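**Q** Dropping a structure here in structure tokens format, bear with me for questions.
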Amino acid sequence: MSDSPITQRKQDHIDWLLQDEKIERQQAGFDQIQLTHRGLPECDYAQVDSGTTFLQHSLSFPLLISSMTGGASNALNTINENLARAAEHCQVAMAVGSQRTMILDRKAEKSFQLRQFAPTVPLIANMGAIQLNYGFGYDEAQRMVEVLEADALYLHLNPLQEVIQPEGDTNFAKLAEKIAHLKNHLSVPIILKEVGCGLSEKDIQLGLDAGIEWFDLAGRGGTSWSRIEAHRTEDSQQAELGKMFQDWGLTTPQALKQARPFQSQAQFIASGGIRNGIDMVKSVIMGAQICGVAAPLLKPAMASTNATIGTIEQLQQEFRTAQFLLGMPKMADLFLNDSLIVP
């Protein structure tokens, strides 16, 4: 393990995610959405097509391996390599964890040199938007894109995590105008992303005003970063604060509803608490173009590429089966199709 504090932080995050089962909140709200089963689906399961496109790439089904990790250690390198190889094999998209670590510690770049393992699928670079208020700008963002050979850049928004985090950066003032400036100069599209508290109508409007066309809504109900950071702090009062806010925010279904008025102006990724292919189908019906999944892939990625592939293939089979049982053999049949939801 590198002595880099930021790499150690990345390892801490993974360790706590594995150790504390309550970090997975299991309150995403998808169970409250019921779909209309078709006993006579009038389609052939063998002909069900879950394929879609994302960032000018074809995907086998609308899965994005969502941001997890990266840093200057063999363990973190292995996770990212296994995820990238699995993404290529299964023809799904992949986003990396925050790349700030590779700007502060050049040894961490290896963790993000993934195009060699995933030559034909979308890869998304990742920077905390808050860093635009702490000295980062175009040069750092473009470097992240170039190292990954990325198709887009996540700018992640994590105000709750930063407030709880011992090393947190909390000046979010006038950030939208800096996002707009970066958007106008970067070589790839920017995707504005929360990390587990959801994006509201006002957030989406601010993003649109800044020229952003893609949003990852990342609602609550899955991994609680507030609870993870509560474990990391040595300040007992701060730890209690983290646990108090562990269920703060909009669920992913709630965020999708808030995004509905903007469907003609932007495209949306659903993530946060998506744990199976049925959740994915529900998200597409509610307006998601792509669905991000992270935590269910962490343990497989720590084990092997094949284990990761197996988990992705299970998600795909669940997605296709739900499509079939809804009588919707094409992806386009699902999108914003409210008639599939039981009133």
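Here the Cβ of each residue, glycine as well, is placed from N, Cα and C on the backbone.
Found this in Swiss-Prot, in case it helps:
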| type | residues | note |
| --- | --- | --- |
| BINDING | Arg9, Lys10, Ser98, Gln99, Arg100, Gln161 | substrate binding site |
| BINDING | Ser66, Ser67, Met68, Thr69, Ser98, Asn126, Lys193, Thr223, Gly273, Ile274, Arg275, Ala294, Ala295 | FMN binding site |
| BINDING | Glu162 | Mg(2+) binding site |
**Q** Could you check the binding-site residues Lys10, Gln99 and say which one's CB has the most other CB atoms within 10 Å?
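**A** Counting every other Cβ within 10 Å of each candidate, the maximum falls on Gln99.
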**Q** Kindly assign Gln161 (substrate binding site) to one of the three DSSP-derived states: helix, strand or coil.
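**A** In the DSSP reduction, Gln161 (substrate binding site) maps to helix.
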**Q** Closest of the binding-site residues to Lys193 (FMN binding site), Cα to Cα, picking from Arg9, Ser98, Arg100?
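**A** That would be Ser98, the closest of Arg9, Ser98, Arg100 to Lys193 (FMN binding site).
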**Q** With H, G and I counted as helix, E and B as strand and the rest as coil, say where DSSP puts Gln99 (substrate binding site).
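**A** DSSP assigns Gln99 (substrate binding site) to coil.
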**Q** Give me the non-local Cβ neighbours of Ala295 (FMN binding site): same chain, 6+ apart in sequence, Cβ-Cβ under 8 Å, ordered along the sequence.
**A** Leu17, Glu24, Gly222, Thr223, Arg275
**Q** Out of Glu162, Gly273, which has the highest number of nearby Cβ atoms, where nearby means within 10 Å of its Cβ, if these are the binding-site residues?
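**A** Its Cβ has the most other Cβ atoms within 10 Å: Gly273.
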**Q** Rounded to an integer, what is the Cα-Cα distance in Å between Arg100 (substrate binding site) and Met68 (FMN binding site)?
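**A** Rounded to the nearest whole number, the Cα-Cα distance is 13 Å.
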**Q** Rank aside, I only need the closest one: which of the binding-site residues Lys10, Ser98, Gln161, Glu162 has its C-alpha nearest to that of Gly273 (FMN binding site)?
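**A** Result for Gly273 (FMN binding site): the nearest of the binding-site residues is Gln161.
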**Q** Among the binding-site residues Arg9, Arg100, Lys193, point out the residue whose Cβ has the most other Cβ atoms within 10 Å, with all shown protein chains included in the count.
**A** Lys193
**Q** Under 8 Å Cβ to Cβ from Ser98 (substrate binding site), same chain, six or more residues apart: give me those in sequence order, or none if nothing qualifies.
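**A** Residues satisfying the criterion: Ser67, Gly70, Asn126, Met127, Gly128, His156.
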**Q** Sort out for me which one of Ser66, Gln161 has the most neighbouring CB atoms within 10 A, since those are the binding-site residues we care about.
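**A** That would be Ser66, with the most Cβ atoms nearby.
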**Q** Run through Arg9, Lys10, Gln99, Gln161, Glu162 for me and report the binding-site residues whose CA is within 10 Å of the CA of Met68 (FMN binding site), in sequence order.
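**A** Those near Met68 (FMN binding site) - Cα within 10 Å - are Lys10, in sequence order.
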**Q** Using only the residues recorded as binding FMN (Ser66, Ser67, Met68, Thr69, Ser98, Asn126, Lys193, Thr223, Gly273, Ile274, Arg275, Ala294, Ala295), report the maximum Cα-Cα distance in Å, whole number please.
**A** 22
**Q** Listed substrate-binding residues Arg9, Lys10, Ser98, Gln99, Arg100, Gln161 - what's their greatest C-alpha to C-alpha distance in Å?
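**A** Output for substrate binders Arg9, Lys10, Ser98, Gln99, Arg100, Gln161: max Cα distance 17 Å.
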